[in-house]
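These notes are about the structure you will find just below.
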Amino acid sequence: MEKKNEELLTLAIESSCDETSAAVLRGGREILANIISTQIPIHQKFGGVVPEIASRKHIVNIMPVIDECLREAKVELKDIDQVAVTYGPGLVGALLVGVSAAKSLAFSLGKPLIGVNHLEGHIFANFLAAPDLEPPFMALVVSGGHTALVDVQGYNRFRMMGQTRDDAAGEAFDKIARVMGLPYPGGPRIDALAKEGDPMAIDFPQALTEKGNYEFSFSGLKSAVLNYINSEKMKGHELNKADIAASFQRSVIEVLVGKAFQAVKEAGRDTLVLAGGVAANSGLEARLREEAEKRGVRFLYPSKILCTDNAAMIGCRGYYQALAGGYSDLYLNAVPGLSLTDK
Amino acid sequence: MSILAIDTATQVSSVAVAKEGRLLSELTMQGKLTHSETLLPHIESVLKMAATAKEDLEGIAISIGPGSFTGLRIGLAAAKAMSYALNIPLVGVSTLKALAYQLPVPGVRLVCLLDAQKGNAYVESYRWENDELKTVEAVKVAKISDIIADCGALGEQVILLGDAVQKKIAGKLELPENVCVAMPHLVMPRAACVAMLGQAELKAGHVDNVMDLEPVYIRRSEAEVLWEKRHPEEAQATKPTEEM
């Protein structure tokens, strides 16, 4: 007898960067287990993720994480109905570990394989966080490598409003944190430091702010901050790191908030969701919430654990993709430069 | 005992099915597609050719390195997941030993070289003694030119094998009189050899742990080596033992 969709068990695997994760979902939204093994402490001394080291950790962690996930979910592998896996974007060597394991599991079990776009996964984390959320809505995706506005018109219908032309917001955060001598990962450190500083202290630029432009550019802002830091150092001034962090963060946030609500208005949406690793930034979340309240827009963002790279969001995306027949064959390869596109 | 063997340590993709010391099927190719794309479809094919259902497999042998870091991980991730899902034992086989296994020639030294980048190779030497493959010189990383010079100084016949031979030596370097390269069809790794060696290991009760088995890298990542150069004192305190 065919299982009902809401009974389907999806095993999901995520290994795109520095977290090895496996999850089991029942239906599209019920998380039975979501195990995340992070490598952040290992990469800290290098000041960023070292791809070869990340890949080496994934190949060691992958089976224990899957095994623990199934035990926590109290599900036997043979009862899994489909296997979802992140195939991009990310670090190629890291992605390949998850992709290869997922393909082999799907083949061994004789079950379908679903290759999932990591960025779509971040958007779908919101379905796990808010059980009543349904398309259409606007999604602001802000992660280490990506910044984008996506009009989610249906579970399998996306319209790209715009994305970054150069650096992602997260990249700018990491680079500036490094120059200020803050330990990796820099994003949360800047967020914390910004709370102690004056956001109006330094006037950093905001790019592409003309109306109707949904593209982002953060390389100019990044250079401006770096130049400011250098010139202060040359003058022998002591750096006011809190003011720099607060002023930089304000520039990023104002651009994101401005464009996000413009997009909400243009597309006629009543809901805005935040997605991606930088969604954990408290300053951004607070400003979006404030603006949403002012405008009567529903604003959602995932819990901290669902904002980080995790397999549950990949399972959620995989589930809805499979409902529309979005399966992969055993030739599935990792695509490190995979982007968000219209669907 | 039906066994599946996988070798993705070099640009060769090779998979094989063997049963009771008999090779039932093998697919070995150097093509344009990546291991990631072809490995699972190839496994599906060799099982079909061998008329063996995956559920009838009783073991998996994986060429464990040294070799291409990414290639090794693609093979090992697939092997581990399959071993776990089918609940069958997994055993790692030295990529270098499997190479030497191709040439059952007593009385000569078999020197196996796998590309280690920048003119270097992972090298290990073997000799057949009483129908057994014995290691003469344990694995190390060395300059290919030095390896060849050392071989030339030996007072015995030497045959070179491995992907470093195909890429860097055959037809490219002048070899000393006592040194020659293996024939082109024998110079690269083959899963059939991994299957035979793996089967013997499994029969002897040697099983690797699917939860924590790692490729044999020999080398650490460049980032770690660099970091140690810059932090000599801290590095001394946490000196890992794997570096050779």
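Cβ from N, Cα, C; glycine included.
Annotations in TrEMBL come from automatic prediction, not curation.
Features of the protein shown, as given by TrEMBL:
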- A:30-315: domain 'Gcp-like' (DOMAIN)
- A:HIS118, A:HIS122, A:ASP309: Fe cation binding site (BINDING)
- A:VAL141, A:VAL142, A:SER143, A:GLY144, A:GLY145, A:ASP174, A:GLY187, A:ASP191, A:ASN281: substrate binding site (BINDING)
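Overlay of TrEMBL feature records on the structure.
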| residue | record | CB count, 10 Å |
| --- | --- | --- |
| A:HIS118 | Fe cation binding site | 25 |
| A:HIS122 | Fe cation binding site | 31 |
| A:VAL141 | substrate binding site | 25 |
| A:SER143 | substrate binding site | 24 |
| A:GLY145 | substrate binding site | 22 |
| A:GLY187 | substrate binding site | 25 |
| A:ASN281 | substrate binding site | 28 |
| A:ASP309 | Fe cation binding site | 25 |
The record lists A:VAL141, A:VAL142, A:SER143, A:GLY144, A:GLY145, A:ASP174, A:GLY187, A:ASP191, A:ASN281 as binding substrate. What's the largest Cα to Cα distance among them, in Å, rounded to a whole number?
18
Other same-chain residues whose Cβ falls within 8 Å of the Cβ centroid of A:HIS118, A:HIS122, A:ASP309, the recorded Fe cation site, in sequence order:
A:GLU14, A:SER16, A:THR86, A:LEU119, A:GLY121, A:SER143, A:GLY276, A:GLY277, A:ASN310, A:MET313, A:ILE314
Do you know the mean pLDDT across the domain 'Gcp-like' (A:30-315)?
94
List the Cα distance (Å, whole number) between A:SER143 (substrate binding site) and A:HIS122 (Fe cation binding site).
9
Where does A:VAL141 (substrate binding site) sit in DSSP terms: helix, strand, or coil?
strand
Separation of alpha carbons, A:ASP309 (Fe cation binding site) and A:ASN281 (substrate binding site) (Å):
15
Could you round the CA separation between A:GLY187 (substrate binding site) and A:ASP309 (Fe cation binding site) to a whole angstrom and send it over?
15
